[in-house]
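If you look up TrEMBL, you'll see 90-221 marked as domain 'PARG helical'. Taken from TrEMBL, the feature domain 'PARG catalytic Macro' covers 239-508. The annotation active site is assigned in TrEMBL to Asp270, Glu288, Glu289. Residues or ranges marked as substrate binding site in TrEMBL: Asn273, Gln287, Tyr328.
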Amino acid sequence: MEGMENREDLKSMLPFLPLLLGSSSLFWPSKVVKSLETLSKGPLYSEVDSGELLFNAISHIRDSLALPSLQPVAPFAHGGYALFFDELISRAEASKWFEEVVPALANLLLRLPSLLESHYQDADYLFNGVRTGLRLLGSQEAGIVFLGQELVAALLTCAFFCLFPVSDRGSKRLPTINFDHLFEDIYESYSKKQENKIKCIMHYFERICSSMPEGFVSFERKVLPLEQLPLCVSYPEADFWSKSVVSLCLFEVHSSGFIEDQSNGALEVDFANKYLGGGALRSGCLQEEIRFMINPELIAGMLFLPCMEDNEAIEIVGAERFSNYTGYASSFCFSGDHVDKRNVDGFRRCKTRIVAIDALCRAGMRQYKCTYLLREANKAFCGFLDQSNCDHHKSLFQDGGSQGSQCMETDKDTNVVVKDFPMDEAPSTSVEIAMNRGEYINQVIGYSDKKGSWCLDLEDKIGIATGNWGCGAFGGDPELKTMIQWLAASQAARPSVSYYALGIKSLQNLNQVSQWILSHEWTVGDLWNMLVEYSSRRFNKETNLGFFAWLLPTLFAHDAKMSNLTSTP
């Protein structure tokens with residue numbers, strides 16, 4: 001293996017890590033080691049037995065780093081740490097935290113350099129020729145990062161101690177990662193939801209300190225290339241959707257329940273901000289932020305994944321769930337431990353697959369313009385498409401790819417025209433390489449994947465579990481967004497959509513509408529063209545009806561008549 005100082009993946013991360021690199025190894029400054037060793041011996045030795053003293057210890061460690069890029073923490077973060085640990089939790093909980101959890105976290109930080117070095121050594125052999133090491137996975141860079149859950153825990157501990165340098169993060173369009181704003185917000189403007197968000201995170205730390213999980217979590221940036229590339233589905237134009245002959249997949253409506261509770265192994269949609277995690281580490285508490293609280297390992301992706309462009313999505317596989325909850329937004333409340341019983345895959349990842357796709361923000365009337373319809377369809381398509389599991393990839397490799405680079409082939413599942421290419425023309429992105437070579441060292445993982453992909457359940461394609469994407473704070477039209485996700489899932493060759501409507505009044509007839517469409521055997525192109533026609537009329541103020549009532553006026557007129565009859569005294 002090449003020396004640590006020569007690794008390009010590590011070089012890309014060094015400005016964003018609190019560690020130093022020298023003599024081919026990573027290390028903490030000696031003063032930091034001394035402070036962490038003191039903390040690791042418990043409160044009788046360290047005298048850290050309150051939130052105020054904990055923050056003082058954190059400040060001392062930060063000062064010992066002496067990094068020029070380590071900016072001051074949020075001004076009132078100290079008040080938040082003191083408030084939470086000294087007033088908002090019981091004395092018994094606080095005692096356990098300072099006697100057991102803080103020493104364990106200090107020991108975990110002491111191991112961070114060796115954990116990272118082992119990670120980079122293993123990353124060279126996880127796949128044959130595919131980079132999986134921790135790195136800045138930048139815009140338009142399709143690729144994947146595999147992290148052990150213990151390493152994820154150490155990185156999240158760094159965030160809790162506010163040790164990550166932040167000065168260069170803005171220029172790289174990286175989201176917030178340190179926890180200082182999370183604690184500052186509870187001090188500046190106390191709210192029940194913020195207290196309970198922190199309780200979820202603290203519960204995670206308690207769990208991993210009592211029993212460290214031993215699996216893996218993968219973080220993948222998915223890209224629909226803006227130009228034509230071999231073996232890749234590129235960013236579609238409106239004509240592509242209009243002419244699609246792909247049949248619409250099954251559509252199942254759930255009037256109750258939550259996406260994260262589905263048990264069919266589906267790809268679960270994160271209604272994301274373009275900056276992964278949104279307001280998770282600030283005061284936000286909507287769908288994405290709640291998911292990041294109950295599955296805190298998702299937060300690790302915020303360290304190295306810059307914001308998403310229109311042709312990008314982020315898929316995270318293996319993030320374990322640790323907490324139960326009730327409520328939403330201001331009523332959100334931690335409700336105890338959650339034992340994640342989902343099976344693991346061949347890479348020892350929990351079989352939880354989450355895809356982050358960011359909807360059009362402040363949608364308003366512009367969401368009815370074709371430009372933005374296309375943007376939303378392509379964003380969902382990017383998230384739902386498994387580039388490495390398209391039939392045309394399989395057929396190319398089975399046939400030896402010998403037909404020449406000028407030959408064009410249409411994939412029967414996705415209706416996408418792709419270029420064939422000679423096998424000696426090596427694909428360029430890590431995703432493509434994995435499709436091509438697709439082998440990894442069995443002794444690292446202890447599993448042999450005959451199809452050579454990091455994807456789950458390749459034998460049986462998995463469906464999509466979603467809901468009211470972009471329909472709350474982002475202002476999206478629920479009826480429009482529902483149909484867009486359906487046609488994107490269908491085009492991506494997903495077998496089904498499980499839709500959690502969560503009581504939105506305009507979707508009360510969603511099941512009837514979807515079943516009517518399916519009974520008429522519509523294609524993706526049929527639904528797209530109808531959406532375009534409706535949206536044009538809506539934008540030009542030729543109708544003020546919702547899409548469902550516009551599409552099926554007879555059905556909705558009957559429903560309205562029945563409603564009037566039942567409401568008549």
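Keep in mind that glycine also has a Cβ here, set from the backbone N, Cα and C atoms.
Curation does not apply to TrEMBL; its annotations are automatic.
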Mean of the pLDDT scores, which run from 0 to 100, over the domain 'PARG catalytic Macro' (239-508): 80
Per-residue Cβ crowding (10 Å cut-off), top of active-site residues Asp270, Glu288, Glu289: Asp270
Nonlocal neighbours by CB distance (under 8 Å) for Gln287 (substrate binding site), same chain, sequence gap 6 or more: Asp270, Phe271, Gly467, Gly472
Nearest-integer angstrom distance between the alpha carbons (Cα) of Glu289 (active site) and Asn273 (substrate binding site): 10
For Tyr328 (substrate binding site): intrachain residues, at least 6 apart, with Cβ closer than 8 Å: Cys285, Leu286, Ile290
Pairwise C-alpha maximum, in angstrom, for the residues (Asn273, Gln287, Tyr328) that bind substrate according to the record: 17
Distance [Cα-Cα, Å, rounded] between Asn273 (substrate binding site) and Glu288 (active site): 8
DSSP-assigned states of the domain 'PARG helical' (90-221) in counts, ordered helix, strand, coil: 73 helix, 12 strand, 47 coil
